[in-house]
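Features reported for this protein in TrEMBL:
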- 18-37: transmembrane segment (TRANSMEM)
- 43-62: transmembrane segment (TRANSMEM)
- 83-107: transmembrane segment (TRANSMEM)
- 119-141: transmembrane segment (TRANSMEM)
- 153-174: transmembrane segment (TRANSMEM)
- 180-202: transmembrane segment (TRANSMEM)
- 335-355: transmembrane segment (TRANSMEM)
- 375-394: transmembrane segment (TRANSMEM)
- 406-423: transmembrane segment (TRANSMEM)
- 429-450: transmembrane segment (TRANSMEM)
- 462-484: transmembrane segment (TRANSMEM)
- 499-518: transmembrane segment (TRANSMEM)
Amino acid sequence: MGSQEVLGQAARLASSGLILQVLFRLITFVLNAFILRFLSKEIVGVVNVRLTLLYSTTLFLAREAFRRACLSGVTQRDWSQTLNLLWLTVPLGVFWSLFLGWVWLQLLEVPDPHVVPHYATGVVLFGLSAVVELLGEPFWVLAQAHMFVKLKVIAESLSVILKSILTAFLVLWLPHWGLYIFSLAQLFYTTVLVLCYVIYFTKLLGSPESTKLQTLPVSRITDLLPNITRSGALINWKEAKLTWSFFKQSFLKQILTEGERYVMTFLNVLNFGDQGVYDIVNNLGSLVARLIFQPIEESFYIFFAKVLEREKDATLQKQEDVAVAAAVLESLLKLALLAGLTITVFGFAYSQLALDIYGGAMLSSGSGPVLLRSYCFYVLLLAINGVTECFTFAAMSKEEVDRYNFVMLALSSSFLVLSYLLTRWCGSVGFILANCFNMGIRITQSLCFIHRYYRRSPHRPLAGLHLSLVLLGTFALGGGVTAVSEVFLCCEQGWPARLAHIAVGAFCLGATLGTAFLTETKLIHFLRTQLGVPRRTDKMT
């Protein structure tokens with residue numbers, strides 16, 4: 001297979017993954033909005049934090065290192081030995097599900113059975129669903145290694161959609177089932193996922209005329225089962241050692257990735273109801289941030305990486321490229337700052353209304369509005385950090401990247417300690433404050449690097465973080481007006497008052513965007529230029 005063909009398949013796989021991510025988030029968004037009307041926040045907390053953590057931890061410990069080792073860039077391998085190694089994930093999954101299930105039932109706080117019924121059954125079924133998913137691991141790795149794009153897209157999309165339909169049906173007709181609903185839906189999801197892979201390979205290997213058979217290392221479905229290889233060795237010990245190395249490297253990453261859930265689960269800093277509200281708000285906030293800012297960060301990282309040369313000072317590079325990169329960075333910083341400020345300022349006055357529409361009184365009363373308002377400020381930091389880090393990682397030398405990653409590891413470790421202390425002091429808001437602290441440190445590091453990078457050149461891209469006083473005043477006025485509007489019109493005055501509150505916000509938002517259009521002419525020109533390029537390109541082709 002040529003390099004261009006591999007690149008093309010990898011690109012299709014990446015685009016499919018992006019589509020799946022958006023699809024999953026939209027389905028989850030709609031599903032949660034529906035089920036929150038029928039379930040308590042304690043049940044949501046137990047499912048989204050406690051049981052989901054059991055499921056993800058079991059899968060990580062049983063398969064993550066195997067996946068990385070068996071998908072490493074080895075062109076010549078004995079696939080019989082690789083498949084034998086992958087089947088070891090099943091007994092490992094059984095062990096970890098039993099051990100973690102015992103921890104979840106015996107060592108952790110058990111929810112009140114009157115508030116969250118059938119907790120023990122939920123632990124058993126979520127652990128069982130992890131084991132069921134591991135049964136499809138050899139099929140999944142084989143499909144990934146040969147870039148079966150459509151299989152992955154169809155299997156995961158179909159599984160999620162059917163799980164969503166089943167959950168909605170059970171919540172609507174049998175709400176008293178409690179954790180039975182989510183446990184059965186999770187088990188159903190993993191079963192459908194595995195069956196999709198098994199049925200696909202069964203049909204594929206049963207069709208001798210299929211062109212894909214020429215690239216597969218197996219010819220029968222039984223070849224995917226554990227068997228003794230021609231050499232007599234059951235597994236490739238080199239791959240086994242590589243698996244152990246990957247496990248040690250990724251173990252800390254798992255702790256840091258799921259850090260908030262581990263702190264909530266093992267340190268009892270929040271009750272189950274607060275865990276549920278926090279998880280919902282966190283999902284809502286991250287949905288907005290990732291859909292808006294992540295595409296910008298990913299696209300312009302590629303731009304900066306192509307335009308700038310690593311290991312070289314800005315004065316030693318082609319000055320036209322350095323100037324273009326500086327102009328783009330300045331405009332992106334301005335855009336991120338304006339978008340983040342807009343979400344922060346207007347999110348403050350509309351957090352309670354948004355939560356009331358999304359989840360009813362369960363979210364709009366209590367800590368929900370404070371959490372979402374705090375998260376709106378965190379979104380501002382996310383926006384700025386996304387732009388500064390995409391430039392920093394594209395321009396840093398390898399040694400600088402290694403040092404930066406070491407600092408990041410230290411910061412991530414400190415997050416666990418800081419989040420524990422802050423949540424003991426101010427509740428679930430402490431998690432967001434800890435994230436804000438870490439994000440502030442990361443932004444400071446990136447800004448220092450950008451300043452050093454351009455200090456010997458005439459370009460000053462950090463000027464993008466400066467706004468005109470007129471625009472700042474418009475933001476302040478809009479925030480004040482909408483805050484007063486919230487006091488008098490939201491959210492206990494009925495829908496006419498809510499609509500009036502929304503109208504006030506729309507007017508203030510329009511005035512703010514109009515002021516930005518008149519004062520930030522350089523940014524407007526940049527946006528027009530970027531939006532115009534695809535059109536001109538389309539006409540030329």
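Here the Cβ of each residue, glycine as well, is placed from N, Cα and C on the backbone.
Counting Cβ pairs closer than 8 Å to the transmembrane segment (119-141), the top stretch among 43-62, 83-107, 153-174, 180-202 is 180-202. When Cβ-Cβ distances below 8 Å are used as the criterion, the transmembrane segment (83-107) is approached by residues 50, 54, 57-59, 61-63, 66, 69-70, 120, 123-124, 127-128, 130-131, 134-135, 137-138, 141-142, 223-227, 229, 234-236, 239-240, 243 of the same chain, each at least six residues removed from its ends.
With a cut-off of 8 Å on Cβ pairs spaced 6 or more residues apart, the transmembrane segment (499-518) and the transmembrane segment (335-355) reach 3 or more such pairs and are scored as touching. Contact between the transmembrane segment (462-484) and the transmembrane segment (406-423) is absent: fewer than three CB pairs lie under 8 Å, with pairs separated by 6 or more positions in sequence. Tertiary proximity for the transmembrane segment (375-394) is limited to same-chain residues at least six positions away from its ends with a CB under 8 Å from its CB atoms, namely 281-282, 284-285, 288-289, 292-294, 296-298, 300-301, 304-305, 308, 325, 329, 332-333, 335-337, 339-341, 343-344, 347-348, 351, 401, 404, 432, 435-436, 439-440, 442-443, 445-447, 449-450, 465. Residues 281, 284, 288, 292-293, 296, 363-364, 368-369, 372-373, 376-377, 379-384, 386-387, 464-465, 467, 475, 478-479, 482-483, 485-486, 490-491, 498, 501-502, 505, 508-509, 512, 516, 520, 523, 526-527 of the same chain sit 6 or more residues outside the transmembrane segment (335-355) yet have a Cβ under 8 Å from a Cβ within it.
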